[in-house]
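Now, the feature entries from TrEMBL:
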type	residues	note
TRANSMEM	B:12-34	transmembrane segment
TRANSMEM	B:84-108	transmembrane segment
TRANSMEM	B:120-140	transmembrane segment
TRANSMEM	B:160-180	transmembrane segment
TRANSMEM	B:192-211	transmembrane segment
TRANSMEM	B:240-263	transmembrane segment
TRANSMEM	B:270-290	transmembrane segment
TRANSMEM	B:310-328	transmembrane segment
Amino acid sequence: MFQYWNGYLFVALFIILGILLPVASLWVIGPLLRPNHPTQGKRTTYESGLEPFGDARVRYNARYYLFALLFVVFDVETLFLYPWAVSYKRLGMFALVEMLIFLFLLVIGLVYAWRKKVLEWT
Amino acid sequence: MWHWEANPLNGPAVLGMVIGGVVILILTLLVVMYSIYWQRKLIGWIQWRIGPNRVGPFGLLQTAADVIKLLIKEDVVPEKADRAMFLLAPIIAFVPAFTVLAAIPFSAHHVFTANISIGALFYVALSAITIHGVMLGAWASNNKYSLIGGMRSAAQLISYEIPLGLSIVGVVLMAGSINLNDIVEAQAKSGLWYVIPQILGFIVFMIASTAELSRTPFDLPEAESELVAGYHTEYSGFRFAFFMLTEYVYLFAMAGLFATLYLGGWSGPLLPGWLWFAIKAFLYISFQFWLQATMPRMRVDQLMSFSWKVLLPLALVNIVITAVVKAFV
């Protein structure tokens, strides 16, 4: 039990180190080394040398949302497959049939999306 | 000695953990430095050039010089950017990149890394958080190139994460465990690396991992010629360096995952475990640079449909074949 938690304590340590490195180099050491003279010209948005116009936060392609929805469906499926794969040896034939049914239902979903031309990027 | 698995946890074990974490951090930074050097050298040779050869012997200190240069550059924040988000984004991208290394077994005993029971899942779950950092940085920049690059990046990463996760399921089926160390031990015991029985899953993994790393031919999020580096157009100085660092830390982590899942990780004859691991990881990293020197960039419509129409069905077929073979053999 203790060994189990020790592993995650180690992960927590990695997270702390991962935060410390950028914080130390960007907010502690960085300001001592780098110059800081913000001028108006520097602070304009880069647009290949032209005067920037408008705002970047405009409406964009709704296709991104469709892919995000599909992603949620299939990612949850992947998540269900992991515990199944681990205990597959113990469950035997029952697990195989169950999973084939599960995959079949999902493939129907994929075929539906395919036929509806959701997977096309045009 | 300072073994972190001490039960209950005592002083030396905590000290061992801290030393382990710091060693891995330094090791990671060194690996990143020299994989950038190796990238420039290898691509130089492929293109009949010499590559970096001025700073230090054989140009070995070139990357160190580049890092120092970035450190002393001004940190410009655009006027229209969302300041807090803009400053925070590189850190959100970097932290999970480093944390996934905690689950990778570098040698037979977890000396410097954690032995957690859900290793493979841990990798997939944490690496998804980086997308948030990239999206946040792209949106906060308030730059049109950045926003397009960020959206493309998110769409690409989520599309290719599914074949990647499904191809790992094949390996988990073979080994009967998600613990990365158990997977290596199962391969060592059977004497057959999973690259052979899982060849279909291996191909899917290689393609999907290249896309996850946004490397050529899938480098659309950063397409220099059309998007001016995409999501990090507005970033300068060391904040830009952290985005680059994230990218190369993932290259290293993915090389570790590749070695662990398909090439038997630290297992191998004669040589010590960590050396085998290093050789296999080096193979993957070199393969990525080779691709970069030889492949053109894909189109965005090809990219998206390739993941959903080719890789996803292939990964599902791989799982079904593995399960059926496993049930009857």
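Any Cβ shown, glycine's included, is placed from N, Cα and C.
Segment contact is absent for the transmembrane segment (B:310-328) and the transmembrane segment (B:120-140), given fewer than three CB pairs below 8 angstroms at sequence separation of 6 or more. Contact count against the transmembrane segment (B:192-211) (Cβ pairs under 8 Å) is highest for B:160-180, out of B:84-108, B:160-180, B:240-263. Long-range neighbours of the transmembrane segment (B:240-263) within the same chain, counting only residues 6 or more positions beyond its ends whose Cβ lies under 8 Å from a Cβ of the stretch, are 28, 31-32, 35-36, 67, 70-71, 90-91, 93-94, 97-98, 100-101, 104-106, 120, 123, 127, 130, 133-134, 137, 168, 171, 180, 183-184, 193-195, 198, 202, 205-206, 209, 212-215, 231-232, 277, 280-285, 288.
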